[in-house]
Amino acid sequence: MRQLAAGSLLSLLKVLLLPLAPAPAQDANSASTPGSPLSPTEYERFFALLTPTWKAETTCRLRATHGCRNPTLVQLDQYENHGLVPDGAVCSDLPYASWFESFCQFTQYRCSNHVYYAKRVRCSQPVSILSPNSLKEVDTSSEVPITTMTSPVSSHITATGRQVFQPWPERLNNNVEELLQSSLSLGGQEQGQEHKQEHKQEQGQEHKQDEGQEQEEQEEEQEEEGKQEEGQGTEESLEAMSGLQADSEPKFQSEFVSSNPFSFTPRVREVESTPMMMENIQELIRSAQEMDEMGDVYEEENIWRAQSPGSLLQLPHVDALLVLCYSIVENTCVITPTAKAWQYLEDETLGFGKSVCDSLGRRHLAACSLCDFCSLKLEQCHSETNLQRQQCDNSHKTPFISPLLASQSMSIGTQIGTLKSGRFYGLDLYGGLRMDFWCARLATKGCEDNRVASWLQTEFLSFQDGDFPTKICDTEYVQYPNYCAFKSQQCMMRNRDRKVSRMRCLQNETYTVLTQAKSEDLVLRWSQEFSTLTLGQAG
């Protein structure tokens, strides 16, 4: 069983889950509330499908490597909660661990401590008492509508897509096998190409629920913008854009700078600012056009239409272009709603897709969710030549991240560690947080957690040296198939007061090459060791 490949895991889990499908129908006549724990009888049926223990261990292996957001595991968790995964604290029948901050944490605890058949039970106290207030303050705001459950139908807009630990969207419509094949790969982040589908589903469903409220908000914002922009020049337009950005992220910027930088990016998605920002940018463009004399407008439009596709000047008006550039240059590009909206605008109107390349043959690297796009836009905004975005193909061979983006990243708390004799221990800081925090998050949330994946990818790209720059070797001459396995080993050794660094892979050296199965074991072992450590400290 320990040598099961990802494809075998998938096939096995599909077999395990197939008998679960009739379960909701069987309980349709029961009085159970969606999101409530299973009854003892229902748990007997549920656990029977995960017996013997190797079946439960198989699901735990997948959970350790992919986290709770894997679509197959989402389906499993939904069945364990009458079709809806709860958001917030849950309680268990374990006498020494009676409650957990989330259902995901509960399932990971079961796996790490081999108590595969522990049950979720109803809490004797209200969830609000059990849930720490600090978590709510950090990851929610008064302007973010909070949904408390997630369902198979509306999983893109629900609470499990917005839990504190994993804010990125559900992948229920993805090909599960494709996700498994990229489980520990740094290239496995698919969130860019899913944005259109996610936006359409969210727009269709959320607007039905909050249509009246959103219309009022949009009318108020448009009215405010009309007052701000009427009869004003480019300078006032820049100020309007700054005010507009402040409206879109009321408390986030200050919280971001003072507390936890990379938690801001998921919250931009939660605010659902993209559609509104799109309308605001388009309104700003229209207002900027009206500010000039009609003849000048026509000249500008003719110039714009003459531009080739992908040119930064393809935006309808130079003033609007200045506004957009000003917004991303004067702020930290990767955390601005402007950049998110601008990216969406290009995806929708120009159809470039998630890869970002330019007319100089460069392929901008996606070290974070907006890093590649911001790298290009910062270059375009500062360029004196007509730098264009292009569809990526084999001619774009030069990997590139703009130094302008790197200089901005220092303001969001990322610091590169020192390089000594071809060795690299890791980032001193990422998102303002030290390695111990990220090791703990890796152990509890898994490699596929959005923030963990961004940390891994940024660190991986920070050290490219040796005969094989993209391969991963360490100072104990072990070669890893993916960076998550290496970091799990490094975190585990750090916990044991042993230092293991990444080292350049050389052609004339011999390395112990880990298989994919053994790399998954490393991730699981670190998760188990961390769980044991925290349990010991708590007890």
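Even glycines carry a Cβ here, placed using N, Cα and C.
Marked as signal peptide by Swiss-Prot: 1-25. The region 'Pro-ACR binding' annotation in Swiss-Prot covers 26-106, 315-423. The annotation region 'Disordered' is assigned in Swiss-Prot to 186-259. If you look up Swiss-Prot, you'll see 192-211 marked as compositional bias 'Basic and acidic residues'. The feature compositional bias 'Acidic residues' is assigned by Swiss-Prot to 212-238.
Across the range of the region 'Pro-ACR binding' (315-423), the DSSP-based residue counts are 52 helix, 16 strand, 41 coil. DSSP places the residues of the region 'Pro-ACR binding' (26-106) in helix, strand and coil in these numbers: 38 helix, 7 strand, 36 coil. Confidence in the region 'Pro-ACR binding' (26-106), given as mean pLDDT, stands at 81.
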